[in-house]
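Enquirer: What follows is a single structure, and I will ask about it in a moment.
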Amino acid sequence: MKMRVEGFLNMMNMVAVLAWLVSFNIVFCFAHIHGFGDQPLSKIAIDKAVVSLHSAASITATPSLLGTKGEDTQWVTVDIDYPEPSADDWVGVFSPAKLNSSTCPPVSDPREEIPYICSAPVKFQFLNYSNSHYTKTGKGSLKFQLINQRADFSFALFSGGLLNPKLVAVSNFISFVNPKVPLYPRLAQGKSWDEMTVTWTSGYHINEAIPFVEWGSEGKTQVQSPAGTLTFGRNSMCGSPARTVGWRDPGFIHTSFLKNLWPNLVYTYRLGHLLSNGSYVWSKKYSFKSSPYPGQDSLQRVIIFGDMGKAERDGSNEYNAYQPGSLNTTDQLIKDLENIDIVFHIGDITYANGYISQWDQFTAQVEPIASTVPYMIASGNHERDWPNTGSFYDTTDSGGECGVLAQNMFFVPADNRANFWYATDYGMFHFCIADSEHDWREGTEQYKFIEHCLATVDRQKQPWLIFVAHRVLGYSSNSWYAMEGSFEEPMGRESLQKLWQKYKVDIAFYGHVHNYERTCPIYQNQCVNDERSQYSGVVNGTIHVVAGGAGSHLSDFSEVIPKWSLYRDYDFGFVKLTAFNHSSLLFEYKKSSDGKVYDSFTVSRDYKDVLACVHDGCEATTSAT
C-alpha cells in the first residue's frame, strides 16, 4: 500500500502516525450514505478517507490516563490547531486507537483500491459545533465523554466533511487504567419468579479470569455464583456494516443466575473476576429488589416503551436529531427509579444498525436503570431483520446484526433466544412477549406459544394480562399504516385478535411507530366499551397502546382520526402501569420532557368480571344439572 505522504517524512510524529494508518486498512463499506436508515455513523464515508497530513496541524487529548479514581466514564478535552480550517472539519474518536490490520477482511478483487481506514469511529463532532471562531483562527477545543470500552482511544482530525474525509492529524493515545474491568450490569427476570439474572461486559477471557457475582441480602453473608461467558466474532454478523466498517470486538459477555430469592427483598451485588494470579477485580456495588411471588398482593409498578435508542451527553453530532428524546426518557426513569419495579423496552433498543460500538454506549447509558431493576427487552426490526436469515421481514434494518447483538447483550427467559418470544411474571402481572420479526400467524410455532402463554395464566392470582410486540399487530393511526388502509402491520391482528378476545387480554403494547396512541377497548375494529378513562366491571375487549416514542425521531399520524383512537400524542414519552391490588390498575402516559402525566385511565373490577362472558370469549356451558 503506497501512501502519498512524501511531503511529511520529516515530521517528528510521522512514525506513530504511519503505524496508526497501516493498522487501518482494507474494506469497502457501501452503506455510508444509504441502506440503513438514519444511523449517523453510516453517513461517514470512512472507506474513502485519504491521507492529507499537515505538518503544522496538531490535535492533543487530555488527560492521557482515565479512570484513576475508579470511574468508567470520563470527560476528555481535545485541543486542535490547524492553519487551514474549514466549516466541515471534524474529529472522530477511534477505539481501539491502533487497529490490527489482520482483523480487517481481505479485498477480494485486486483491482479494488485499498482504503486507509477500515473502521468507523465510535463518535464524532464537527469543530464548529462549539467553536464559533474556529474557521477564522484554526484553533478549537472539544469535550468528549468517553466510556470504558475495553481498548484505548485516539482522536483524528479530518477535513473534507463526512463524504470526502481527508486525514489531517492524529492525537496521542489515551486509555482507562484498566480497560478490561467488569461494567454495565443488566438485570433480567430468570425463567422462574425467584431468579434474577445479571449480565455484564468485560475484557477478560475465561482463560484470564473466572467471572462470578458476589451477592446476598443486606447485612447478611454474601455468596458467590458463577457466570457463563459468551462472545462472538465478525463471522457471526450477517452483512455490512456489522461485518465491515461497523465491526468492533464486543468483548466478553457474562451472565450469572441468582437463584432461590426471597420475594420483595433487597439484595446487594458486585461483579467479580478471579485472575490467574489469585487477585480479584471488582466492580462497584449495586442493589436490586427481588420480584414478588406470582399473585402476591402488593404495589407493583411497570414501565413500558419502545424505540428509545441512545444519545450522547457531550453533544457529539452522531446522534443529533437521530434519537432526540432518548436522554430525556432515560433521565426521567432514573429520576423516578425508586417508584419503578421492572422495565420493558419493547424493541429497537440501540439503533446501532450494525455499528457494534453503540451497544456499549447504550448499556452505559441505561446502567443506572438496568443495574437496579429488571430490564426486559423485545426484538425489533433494528435488532433482527436481514435478508435470507430467517427474519419474517426481508429488510436490512439491523445493519447486518441479524439478532446476534440483542440476544447476547441482554438476557431474556426464552427457550431459544434466537426466537425472541417468552413469558414472564411480575406479581399480579403476566406478560406474553411476542417477536414480531418472526412469523406469528396461525399454525406457526410462535402462534402456539402465544396461545399457550395466554391460556395458562391463573387470572385469579394474576388478573393483569399484558401482550407485547414490537410492530403494531393491533391498531395504530400512524400515517403509513393509514395509507395501507388497515391501520396495522399487514397481517397483524387477523390471527391474533381472537386470542386476545378469548383470553381477555387487558392491554396490548407496541413500539415501532414513534409516537403515543391509545385505543378504546376494541374487537374487530369496533369499540366495545364507551368509557374513556374509568373502566369498571367487564371491559369487553383489549385496549391497544402504541408506546414507541421513547427516543427516536417521531412518526406522523394520519389526518383521519379513527373512532377507536382515544388519545394521540406526537411527542416523546413512556407508559407506567401501577397495580395496587387484584382489582385496581392505573395506566399513565408520561412525557419524557417533564415526567408529567398526559393521559391515564383506571380499571376497577373483581375476579368475576374477568370470568364473565364476552363476545367470542365465552366458555362452553351446558343445560345439564
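Yeah, the Cβs are placed from backbone N, Cα and C, and that goes for glycine too.
OK, TrEMBL features for this one:
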type: DOMAIN; residues: 59-178; note: domain 'Purple acid phosphatase Fn3-like'
type: DOMAIN; residues: 185-289; note: domain 'Purple acid phosphatase N-terminal'
type: DOMAIN; residues: 301-516; note: domain 'Calcineurin-like phosphoesterase'
type: DOMAIN; residues: 541-600; note: domain 'Purple acid phosphatase C-terminal'
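Tell me what's around each of these sites.
Expert: Using DSSP to sort the residues of the domain 'Purple acid phosphatase Fn3-like' (59-178) gives these counts of helix, strand and coil: 10 helix, 48 strand, 62 coil.
Confidence in the domain 'Purple acid phosphatase N-terminal' (185-289), given as mean pLDDT, stands at 96.
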Enquirer: What counts of helix, strand and coil residues does DSSP assign across the domain 'Purple acid phosphatase N-terminal' (185-289)?
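Expert: Breakdown, helix to coil: 3 helix, 53 strand, 49 coil.
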